[in-house]
Amino acid sequence: MTTRREILMGGGGILAAASLASLTVRADEPIEIRMQGRPDGSHVWFDPIGIRIMPGQTIRWINLDPGNSHTATAYHPTNFGRARRMPNGAKPWNSDYLLPDESFSITFKQPGVYDYYCVPHEHAGMVGRIVVGTAQAPGWMAAGTGDLPEQALRAFPSVEDIMQKGTIRHT
């Protein structure tokens, strides 16, 4: 005979499993990167600042900063002549200015490391890094830092940390 305690414990296990399953992001669901900032505009950031995804997954940037417009812009010569910090052959992107509550999405198909920035806030360190698939040493990293501001260079999480943790939150 099944006891009341066994029924309650079994139900709790089912609830726990269901809640964990809801935390898993399906490959067809966009992964959200939030554009955020302090109310006084003194600090702005992407969250997460580093993330690992699989080829074919979509990233959606959403501006949740009520006081600023932001961009999600790939480091690539077609975007304001910037040094390329993404795989050869990958399509660069530029969201243009997103007002509060606006969003922009892109699907990443080619494995590699992709760095991006917010055009008006790069000097404040508003940058991010996406690793698609398994990371290999990108050729552009060996070429040096290019034209990046020091604050932006310090803000990037390492590829190794992203590979190990999967997601690097803004702190």
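For all residues, glycine too, the Cβ spot is worked out from N, Cα and C.
Under the heading Cu cation binding site, TrEMBL lists His70, Cys118, His121, Met126. Within its own chain, Met126 (Cu cation binding site) has Met35, Val44, Trp45, Phe46, His70, Tyr117, Cys118, Ala152, Ala155 as residues 6 or more apart in sequence whose C-beta sits under 8 angstroms from its own.
Sequence annotations record features per position, and here TrEMBL assigns domain 'Blue (type 1) copper' to 42-132.
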Report summary line: Other than His70, Cys118, His121, Met126, the chain contributes near Cu cation (Cβ within 8 Å of their centroid) the residues Met35, Val44, Trp45, Phe46, Asn68, Thr71, Tyr117, Val119, Pro120, Glu122, Ala124
Report summary line: Model confidence for the domain 'Blue (type 1) copper' (42-132), as mean pLDDT, reads 96
Query raised in the report: Can you count the other CB atoms that lie within 10 A of the CB of His121 (Cu cation binding site)?
Result: 24
